[in-house]
Amino acid sequence: MAALWEDVLRDEPAIREAAAVAVDAALLEGVLMRTEGEPNASDVVNYAPFTLLPSAVPSALFEQAYAVQQDFNLLVDAISQNKEFLESTLASTVKADDFTARLFRIHMQVLEEGLAQSVFLGINRSDYMFDCGVDGTPALKQIEINTIAASFGGLTSRTVAVHGQVLKVLGKPKEASRLLPNNPSKGLALGIAKAWELYGSQSAVVMFLVEEVQRNIFDQRCVEKELWNRNIRVIRKRFRDVFERGSLDDAKRLYVDGQEVAVVYYREGYVPKNYDQQNWEARLLLERSRAVKCPDIATQLAGTKKVQQELSRPGTLERLLPGRAEAIARIRATFAGLYSLDMGEEGDKIAATAIADPDRFVLKPQREGGGNNLYGEELRQVLEKIRDSPERTSYILMDKIKPQPAVNYLLRAHSPLQASECISELGIFGVYVRQGKEMVMNKAAGHLLRTKAVEHADGGVAAGVAVLDTPYVV
């Protein structure tokens, strides 16, 4: 696998020419981000970082990742409806992690009041790496499932054309024609449009809830454009707009700036720094409304690392998905080893094992957005510090996945052109819509491949570590 583009990689003049073409192609196709210097202005933009060449992905693992996505959609939805499971699973975490605790409190308050929302929309992305076992056979292993603000469905829709152009310039038109079409933004918009339709008000809008700093706006605009194409009105608001100018009527319909909101699509609200007291109040207002939240707070909690670890325990999937033995087998086949750090003998034992052999594991806090995980010596130091403290329950341990590196060029604005040893992560977007108890849509909506240099243990595209890529299925 590592030798996919070996002939090309030896030809430096051809690589330089292809890189120049690639950058222009990315700008032409709209693979864009705002700059760090002007994160809220679109009059200065640059290309989003991407690989020069598409990366090899084994066809069997690619197909496996797609085949299991509807199962994961059902699982996330089942967890979000299971109050007892969320309560018992997160019991230790909410004591040690204030952010999860505050989300959980809102969840409980909304349940006590009675859910006003009757239509539920899930947009998630299940992320995998290809683990090379002892015998060198790659296996699909799930890193995590993102249930809130799963990004890059828009820009990845436009990256295929860039890589197709690069391969043609390098004299590989046959290989270019083998790149798979991919348009997650269309699939995500289909889900949002279905939820909007089921909400049942032609004049209501879809509200993108966005961050104060919006570098990744073009990714969101791809989804937005698909909705406008269906004559669905889209507004973009921040938490503070909701706090200052949002309200509920007697029927718990949500209004922001006088406009009724049918669907709230979160591209914000997944990390503690997104919240101050006003923003927490705005979040509660949104959750209490009958608007379709993507995600509602229970679905956000379903994506926590602690839930992921609990799912790997024997019997848990059977409890959540009764009578679905085949789906359970497909899901379980993707699990890496996951371990609880709860207080008690089991947690003590695994903490001691990880301190003794830190390179075997990854230490994961209850956080989204990349760049939070701990490895190696840093993992050991943190675990030694918290091994006897309840603070350790705000983390989980996972077996470290060891993928096979391949050589590629990572194209970043203002960075020199140089070859890097790289590893890739495959994400599959899933979309589902449930009305009451009836699942009205459940589909895989496309994929995202991100690649980074081997020296960067953790972090995604938005965190500035990984770059956009296209799978070349082999």
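Quick reminder: no glycine exception, Cβ is built from N, Cα and C everywhere.
Note that TrEMBL annotation is computational and uncurated.
Annotated substrate binding site per TrEMBL: Arg125, 148-151, 214-216, Gln220, 267-270, Arg450, 461-462, in sequence order.
According to TrEMBL, the ATP binding site annotation covers Glu144, Lys305, 364-373, Tyr375, 398-401, Glu425, Lys452, Asp458.
All protein chains considered, the CB of Glu144 (ATP binding site) has 20 other CB atoms within 10 Å. Among the features that TrEMBL reports, Mg(2+) binding site is placed at Glu144, Asn146, Glu368.
The domain 'Glutathione synthase substrate-binding' annotation in TrEMBL covers 204-302. Across the domain 'Glutathione synthase substrate-binding' (204-302), DSSP helix (H, G, I), strand (E, B) and coil residues number 41 helix, 26 strand, 32 coil.
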Report task. Check the Cα-Cα distances from Arg215 (substrate binding site) to the binding-site residues Glu144, Pro365, Glu368, Tyr375, Lys452 and tell me which is shortest. Result -> Glu368
Requested in this report: To the nearest whole angstrom, state the Cα distance for the pair Arg125 (substrate binding site) and Asn146 (Mg(2+) binding site).
Outcome: 5
Report task. Filter the binding-site residues Asn146, Ala149, Ser151, Gln220, Glu268, Tyr270 down to those whose C-alpha lies within 10 angstroms of the C-alpha of Glu368 (ATP binding site); answer none if the list is empty. Result -> Asn146, Ala149, Tyr270
Query raised in the report: How many whole Å apart are the CA atoms of Pro365 (ATP binding site) and Tyr270 (substrate binding site)?
Result: 13
Report task. Using all protein chains in view, find how many other C-beta atoms are within 10 Å of the C-beta of Gln220 (substrate binding site). Result -> 22
Report summary line: Within 10 A of the CB of Glu268 (substrate binding site), the number of other CB atoms across every chain shown is 21
